[in-house]
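Per Swiss-Prot, these features apply:
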{"type": "BINDING", "residues": "101, 106, 129, 130, 146, 151", "note": "S-adenosyl-L-methionine binding site"}
{"type": "SITE", "residues": "150", "note": "site 'Important for catalysis'"}
């Protein structure tokens, strides 16, 4: 375990290797129960009858709109999951997408998805570390990180790498967790449980996030707090795994499953737990 800092307090957090192992082991059961978008959803109205699949696609669409790409552009997807957002982006905007992940099983599934969609000629995925990208300078027209940068032990370094491989004038889109205000007591315990259980190595306020983006020599063009739209994901995740208990217990064990469900339900009671979309460009 490493130390990860949030609001000045050191807490136990998984190592990068533990994050990789988590995705190697947990991607398949999570995708079966939550869906093939391995990220939060976007609900315009928390009470609306909108499925998880539709809500997670909606969040992908918000990122597509934020990215501002043109037909033929080359896009880097940092933390590609099993490829559904990248395929949706490529289809919607007629772009070429290169996705990366530190999970080889995810990369294999993502490439299979691109092939099945008939997009293997312009959507590809590979094993790579976001903090040491294996690409030339200025080799992409756009970069996005959809709910992945919180896994980085050094978010600033990852952002600098994203900026390095982006051409001048290129755009960046980020979706990620933030803390809207400092937390203490039971709220801090809930946040710390999420950090430890969710592989969260970088978590802080919106101002801190924007500062990291600017220090990567990128210009912040928009910041949208979508905490209210993303928050239903917490309870819905807990409900989905509770309803699938018989499928998950053999893999996670009863204690591990109970801990996961409690973590998501606990974080749902923390209004300071937020979610943000950040747009940027390279001068």
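These residue numbers are counts, starting from 1, taken along the chain as shown.
Any Cβ shown, glycine's included, is placed from N, Cα and C.
Since the structure is predicted, the reported quantities are computational estimates derived from the model, not experimental observations.
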Largest pairwise Cα distance, Å, within the listed S-adenosyl-L-methionine binders 101, 106, 129, 130, 146, 151?
15
C-beta crowding around residue 129 (S-adenosyl-L-methionine binding site), within 10 angstroms:
15
Rounded to an integer, what is the Cα-Cα distance in Å between residue 101 (S-adenosyl-L-methionine binding site) and residue 150 (site 'Important for catalysis')?
14
Close in space, distant in sequence - residue 146 (S-adenosyl-L-methionine binding site), Cβ under 8 Å, 6 or more apart:
39, 59, 60, 63, 77, 79, 81, 85, 173, 174, 175
Residue 150 (site 'Important for catalysis') and residue 130 (S-adenosyl-L-methionine binding site), distance between Cα atoms, whole Å:
12
Three states by DSSP: which one describes residue 106 (S-adenosyl-L-methionine binding site)?
helix
Count the Cβ atoms, other than its own, that fall within 10 Å of the Cβ of residue 130 (S-adenosyl-L-methionine binding site), considering every protein chain shown.
24
